[in-house]
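Dropping the structure in here first, questions after.
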Amino acid sequence: MTIQWYPGHMGKAHEQISELIRKIDVIIEVLDCRLPASSANHLLAKLRGDKPCIKVLNKNDLADPAITKAWVRTFERETGVRALPLSAKQHREVNQLIKLCRRLVPNRGKPEWPVRAMVVGIPNVGKSTLINTLAGKCMAKVGDKPAITTSAQKIDLHNGITLCDTPGLLWPDMSDQVASYRLATSGAIGASAIEYINVGLFAAEFMMQRYRELLSTRYKLTDVPDSAADVLEQIGRRLGCLAAGGGVDLQRAAEAFLRELRAGKLGRVSFEEPGES
Ligand code: G4P
């Protein structure tokens, strides 16, 4: 599996973030609720020192609720950490984040003395969506392009909180194959960085092991085959991803399957549980 990253950007982002952390009161770390460990930047724990940190488990609407509860319990065992599952698209849920920021920094939160918060996370976890919902308007560009950075900016939320949007942090350890495949399954690693068929096979295998029922319901598979390649082939047939000659076009099948899985069409799915490597 070949992954193309931009080490220059990463190094610069880390430097900027450690600089900014000194001037802020609370860190809002955005994670993908479906894969909170794989979508974390493990350097952040080091960079943050003893600053309070809210782990926003975003895209809660797509994740398996029982597994999300287990993640919240796990994260809240860490000192100074609060975990908040939400959907960044929902104003009502995002308001909980504002309340939590105020609670964590009780000595600030006034217009002249605002809570200074910083949003960090890897690309595609929903940082821009969250910032836009918090700000009540389009401040940050939302898109499906991993590894694109934006420059730091300050956003006054006019409720006693100032946000500092930083460049998307990329995780330093890409040597973990399984984490990389989970990220690719979620869409955080783009098509240019990883082969679609391999990701499709990984996702099919995962669904066969953990969510067989969802797989068979969505694709009307009376007997879910025992090999990921056969599952992907059957899905391809169901979705009409055929090549000239009538065989299944596996590339198109993988793309279509991943698109459905990411959009929650199979149901609410989490790609990892606490304690799993
Ligand atoms: P980033 O700044 O961290 O890179 O992420 P960004 O906000 O651009 O969001 C990445 C994708 O995730 C976007 O989809 C966005 O709509 C989606 N997203 C963000 N938060 C949530 C959420 O809570 N639930 C769900 N289901 N999706 C969320 P996109 O397809 O790239 O863009 P768009 O077509 O939605 O505009």
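Every residue, even glycine, has its Cβ placed from backbone N, Cα and C.
From TrEMBL, here are the annotated features:
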type: BINDING; residues: Asn58, Lys59, Asn60, Asp61, Asn124, Val125, Gly126, Lys127, Ser128, Thr129, Gly168; note: GTP binding site
type: DOMAIN; residues: 117-173; note: domain 'G'
On a count of neighbouring CB atoms within 10 A, which of the binding-site residues Asn58, Asn60, Asn124, Ser128 is highest?
Asn58
Around the C-beta of Gly126 (GTP binding site), how many further C-beta atoms are within 10 angstroms, looking at every protein chain?
23
